[in-house]
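A.B. asks: This is the feature table in TrEMBL:
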| type | residues | note |
| --- | --- | --- |
| TRANSMEM | A:20-41 | transmembrane segment |
| TRANSMEM | A:53-75 | transmembrane segment |
| TRANSMEM | A:96-125 | transmembrane segment |
| TRANSMEM | A:145-175 | transmembrane segment |
| TRANSMEM | A:187-206 | transmembrane segment |
| TRANSMEM | A:226-248 | transmembrane segment |
Amino acid sequence: MKNILVIAQNTLKETIRDRILYGIMAFAVVFLMFTVFLGSISLGEDLAVIRNLGLAGIYFFGMVVTIFLGASLMYKEFEKRTLYFILSKPVRHRDVIWGKFLGLVSSVTLTTILMAVVYLAVVAAKGGGVDAVVLEAIALQIAEMGLFVALTIFFSTIAAPLASTLYAILVLYIGHSLSLLTSAVKTKPVIVQKIVLVIYYLFPNLEKFNIRNSVIYGIRIPWPELFLSLAYAIVYIILLLLAATAIFKEREL
Amino acid sequence: MLEISRVEKAYEGRNVVDDLSLAIKKGTVFGFLGPNGAGKTTTIKMIVGLSRPDAGTIRLEGRTPQDPAMRAMIGFMPEAPYFYEYLTGLEFLKFCDSLFPEIDRKPDAVYTKTLAEVGILNAANRLIRTYSKGMRQRLGFAQAVIHDPDYIFLDEPLDGLDPIGRRELKEIIKTLKSRGKTIFFNSHILFDTEELCDEIGIIHQGRLLYSGPIGHFTKGKSLEERFVETVKAASPAKA
Ligand SMILES: Nc1ncnc2c1ncn2[C@@H]1O[C@H](COP(=O)(O)OP(=O)(O)O)[C@@H](O)[C@H]1O
Ligand SMILES: [Mg+2]
């Protein structure tokens, strides 16, 4: 357990000392400011536009940071052979995987909270308040980012950063289209439906984490549903990290 | 006691370590010598638990390298090490030390003392990104000894150092030896490693050609001369 925390802390240091992170964050803040301008040209719909675009922006930049940093996290350790230092010490493979996971989750959570603070400040400046549902949306976004940290760690134990990034984007796309996909094949042949069913169970259903529309209309999400979504993310993360550990153990360094 | 028994390792269907057996007693300084590509790094990686033998066993005081308790007893310095460039030398040393199961935290003085011993104290708070090759080598050595292990494994420890650096590091190795540490090091350079070793192993194309006291091997000749003779005799004649 101690080793997991030591590696997590080092990973957090690694990511928050990465200049690329600040580049992306600067873009995010500029974008959040820009929503004010877009709001002002929308004839009386200021707050709705700011809320809509602001949350989309936090999501977009949050995912960019997550996938970008996650896709190279393990790969760098293999490539640079820094694992030689770690694994020749009394450290287990799973300590490395979980440490990397917790470290990156902490840093993407911090950046998301930072963006959320800027967002709430912009909303407040335009006369809006903080709804509980906004916080729920942010919490679910962090759950989705956690899932993608686990996913990119899993991919980057077997693939190069560019491939991991592409796989992650593919999962992101499919994961948000699952409901659409299943309803679209209702009239198709049984075999096509079966294939889609397999995809449905294999890929994470990411729409569970998207309640940004509810924020616009101020609709609260019931607690059980919220917890179910979080539990879903946690189970998925555990499975991915177990698989990543198993692959990592067998890999020739 | 380190016991390596009938160890084999193949890469891409080729045995790069072949039927290797060695027994190294506690307190020995053992030089594992061989030309480039002989299988030295492959061997040391198996000893420190970074890779597993295809056949045979490795035991340190009865424990296998896959046992974390075995790895708590050793220090390892990789060949031409890469580091976390975003850490300072001091941060890196602390990070390495904190991966060992120790209850109480050490005061900073312990770390700065080790950094001073390897001669990079003035760079302790600089990012490793700015370190020269020699400084990296010294930091790699420092992290191998920071938790005061009984067994120390060094892969080409003198590589990339200037003559003064080599001398300094050799002095540290001698000090460690006088404190009863067991030291196993790889080297493809012979001329100034001779003075360090109690025993040597000669490996060539994955096979052990000699192991034992250095005097038995050299028989009055220089180590280099005997080494070249032995390796040549073991190589298939070139057409
Ligand atoms: N991961 C690997 N995959 C394939 N071949 C390898 C690998 N590691 C080492 N080798 C090969 O094994 C042989 C021994 O390498 P190594 O142990 O690094 O030699 P040394 O350290 O004595 O110079 C070399 O021919 C090298 O190319
Ligand atoms: Mg080598």
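Numbering starts at 1 and runs along the chain as it is shown here.
The backbone N, Cα and C atoms fix where each Cβ goes, glycine too.
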A.B. asks: Please work out which recorded stretch in A:20-41, A:96-125, A:187-206 has the most C-beta pairs separated by under 8 angstroms from the transmembrane segment (A:53-75)?
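C.D. replies: The stretch with the most close Cβ contacts to the transmembrane segment (A:53-75) is A:96-125.
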A.B. asks: Is the transmembrane segment (A:187-206) packed against any residues at least 6 beyond its ends, judged by a Cβ distance under 8 Å, and which are they?
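C.D. replies: For the transmembrane segment (A:187-206), the far contacts come to 144, 147, 151, 171-172, 174-176, 178-179, 181, 232-233, 236.
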A.B. asks: Same chain only, please: residues at least 6 beyond the ends of the transmembrane segment (A:226-248) with a C-beta under 8 Å from a C-beta of the stretch. Say none if there are none.
C.D. replies: 74, 93-94, 96-98, 101, 136, 139-140, 143-144, 146-147, 149-151, 153-154, 157-158, 204-205, 208-209
